[in-house]
Amino acid sequence: MSESSAINGNHYEQLHQGRTKMYKSKVAVVLGAQWGDEGKGKVVDMLASDVDIVCRCQGGNNAGHTVVANGTEFDFHLLPSGVVNEKCVSVIGNGVVIHLPSLFDEVLKNEAKGLQHLENRLIISDRAHLVFDFHQHVDGMQEAEKGGKSLGTTKKGIGPAYSSKATRNGIRVGELLGDFNLFSDKFKSIVATHVRLFPSINVDVEAELARYKDYAEKVRPYVKDTICFLHTALRNGKTILVEGANAAMLDIDFGTYPYVTSSNCSIGGVLTGLGLPPQTIGEVIGVVKAYTTRVGDGPFPTEQLNDIGDLLQTRGFEIGVTTKRKRRCGWLDIPLLKYTSLVNGYTCICITKLDILDTLPEIKVAVAYKKPNGEKLDHFPGTIAELGAIEVEYAVLPGWQTSTEHIRNFKELPENAQNYVRFLESELSVPVRWVGVGKGRESIINVH
C-alpha cells in the first residue's frame, strides 16, 4: 500500500470513528406490531419516566392513545403520550400533520384532567404540515363516494393533507409563523385547488385566515427546528423515546394496502419523520396485543365472527379511541408478526392485554398461512386478494382460566400464561421483555 493510500485509509477510519462517537446516546422506538390499538401509549408512559424527550414522528390526530396515570385516564391524539411526565420534553416532529384546532382542543381537555406546564415542555417542528378543515371535508367526501368499498378512514383529513404535501402545495407550520401575506397567498391557492377538484366544498377564506392569524400566535411559542434540537440532545447524551402512531400493518408501504393510513408507521417513518440517521436507533420495541384487533375495513385472516370475537371485544373493551367504532377481534397472528418484525427489526416485545384471555379454556394462535391448494406460504401476501384467499393454520394452547389482573411478577403468572408468552417468544425469535395485565402502568410486568 502506498503512503498516500495509508494516510487516506487512516483519515477515513478517524472520520468514521468520529461520526459513530458523535452521539452519546441512542434513540429507543416504540412501534405497534399489528393494526394499531396495541397499547403503545401505556408502554411509552412507562418508559417516559426514564427519558428526557418523547417524540411523535408521523400521522396526525387519526391516532388515539390512552394513558392511565395516578388513576386519571388521558386520551391523546396529537400529543405524545409521554407528555404526562412533567420531567420530559415532548416533540411533534416534521413527519406529523397537525390540525391546530384539534391540537389546542386536546390540550384544553387534558389540562382539565390535570396536565400542567405544557407550554414549557412541548416542541412542534416548523417543518410539520398543517391539516385544514377542508382536508377533513374532502376526506369524508372521498369515503362517501366509495360507498361499500370505503377504506374506513377516520375522516380527520390525514390522507388529503399528506396528498397536499406530496403534490407540493401543502403548508408547513413555519410558513404560518412567517410573512402572513405569503401564508395567505398559499392558503388561497390550496383552497382554490381543492374547490376546483371538489366543487361542493365551501370554504370561507377570509374567516379561515382570521382564525389562523390567531392560531399563529397561539402556536408560536411551541415551534422550533426539532431536527437541530434532537441532534444536539443526542450529542449531549439525552435519552430519546419515539412513539410510533398507528401500526406496522397500517403502513402506507408495508401494510394491507389500500386499507392503510397515509404515512410510514414502521421504522423508516421514525427516521424521515424526525430527521434522524439510522445509527442513532438503539432499541426497537414491538408492542403486541395478546390477540389481534382491527378498526375499519380490510382483510383480517384471524378474525372471529363468533362468540370468541364477541368475548374479546367485550372483555377488552375494544372501542376505538379516535373513531369510537367497535374493533374487530381475532386470534394472535404469528405470520403477521414475523412480517412486521422483519420490516422493523424488533429488539424486544411488550405483550399487552394478556388478562383479556383469562377466561378462555383454550387459545388459538395462527402459525401459518396456506394457499387454497394447501401449500404453505413462506412470505406475507402482498395484495389483499392474495391475503383474502389464504387459509389459516392454528396451534391450540391450553388456557389458564384464572385472573392475572393483580399479578406483578412473571413467575407468579399461571404456568399456561407463561407458556403462551414463551410460545410467542420462540416463534418470533425476539425476547418478550414486558407483559401487560391491566390498564395502568403498574400492571406491566417486567419479564426478565
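Glycine is no exception: its Cβ is also placed from the backbone N, Cα and C atoms.
Going by Swiss-Prot, these are the annotated features:
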- 36-42, 64-66, ARG327, 353-355, 436-438: GTP binding site (BINDING)
- ASP37, GLY64: Mg(2+) binding site (BINDING)
- ASP37, GLU38, GLY39, LYS40, ASN62, ALA63, GLY64, HIS65, THR154, ARG168, ASN246, THR261, ARG325: IMP binding site (BINDING)
- ASP37: active site, proton acceptor (ACT_SITE)
- HIS65: active site, proton donor (ACT_SITE)
- VAL321, THR322, THR323, LYS324, ARG325, LYS326, ARG327: substrate binding site (BINDING)
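The subset of recorded positions (ASP37, HIS65, THR154, ASN246) lying with their Cα within 10 Å of the Cα of ARG327 (substrate binding site) consists of ASP37, given in sequence order.
Between the listed binding-site residues, namely LYS42, ARG327, the fewest other CB atoms within 10 angstroms of a CB are found at ARG327. Counting every protein chain shown, the Cβ of ASP37 (Mg(2+) binding site) has 29 other Cβ atoms within 10 Å. Here the recorded positions are HIS65, LYS324, ARG325, LYS326, and the one whose Cβ sees the fewest other Cβ atoms within 10 Å is LYS324. Counting other CB atoms no more than 10 Å from each candidate's CB, the binding-site residues GLY36, GLY39, GLY64 peak at GLY36. Of all residue pairs in ASP37, GLU38, GLY39, LYS40, ASN62, ALA63, GLY64, HIS65, THR154, ARG168, ASN246, THR261, ARG325, the annotated binders of IMP, the farthest apart have Cα atoms separated by 34 Å. Fewest other C-beta atoms within 10 angstroms, among the binding-site residues ASN62, THR66, THR154, are seen around THR66. Here the Cα atom of GLY36 (GTP binding site) is found 13 Å from that of THR154 (IMP binding site). Counting Cβ atoms from all protein chains shown, VAL437 (GTP binding site) has 23 others lying within 10 Å of its own Cβ. Here the C-alpha separation of THR154 (IMP binding site) and the residue listed as 'active site, proton donor' works out to 14 Å. Counting only the Cα atoms, the space from VAL437 (GTP binding site) to ASP37 (Mg(2+) binding site) is about 15 angstrom. Highest local Cβ density among the binding-site residues ASN246, LEU354 belongs to ASN246, counted as other Cβ atoms within 10 Å over all protein chains shown. Across the fold, the C-alpha of GLY64 (Mg(2+) binding site) and the C-alpha of LYS326 (substrate binding site) stand 14 Å from each other.
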